């Protein structure tokens, strides 16, 4: 993996928030009759769950961990990269099979990357030409968390080279990013990914949270925020989970989450 990819500055972001992104909204499927966990619902029709209490949870937490895809940003990074490299349809099929339980997370990741096989230069071009869109109010929320002295982390099943520009935009140090790592050969061709990273396998986000907690006081409260089941499953070791549905709502996560918000502003209380 090249440091040149990780150190890239994030291009000028598009309008903060995804409300006007019709392409994204078109991807959000209405829930089908079987009500399966993998279906999605347009966020506008889903009310938040206990947002005032969720805001208090944030106030009481010393460590706040965010999922990235469809949470901090509007998009799903690997799907966007696949589309950019002309492999969107093939990768979407594997993603669907993986979500149906046909393979492990790590196997699905390996298969998708072997389909895309992005070169180092393609990754650089992708970051420059298609900068991620920050979710509505996330930049304000992260700024408030930092001002309040909280430790902020990004935990993702995506790739650090795609996430690094987002972390930089939010003022989050790269040492606080837990994500997968693409590996390239000496000519910049895709080689593989680092299978030792906890986020490369099932249950990896819980592993990452445990690693983070070891770096802080034993009684420090940790909250995980995200849109997906892998985020929900980070509790324990995280103390709390707050579901986020500002970009996409996953019915199973919405059903199981005690707290659920659709706008980060709902977590900012009266501040």
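Glycine is no exception: its Cβ is also placed from the backbone N, Cα and C atoms.
Over in TrEMBL, the protein carries these features:
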ACT_SITE  67  active site, nucleophile
ACT_SITE  69  active site, proton donor
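For residue 69 (active site, proton donor), the number of other Cβ atoms no farther than 10 Å from its own Cβ, over all displayed protein chains, is 24.
The Cβ neighbour count for the residue listed as 'active site, nucleophile', using a 10 Å radius and every protein chain shown, is 24.
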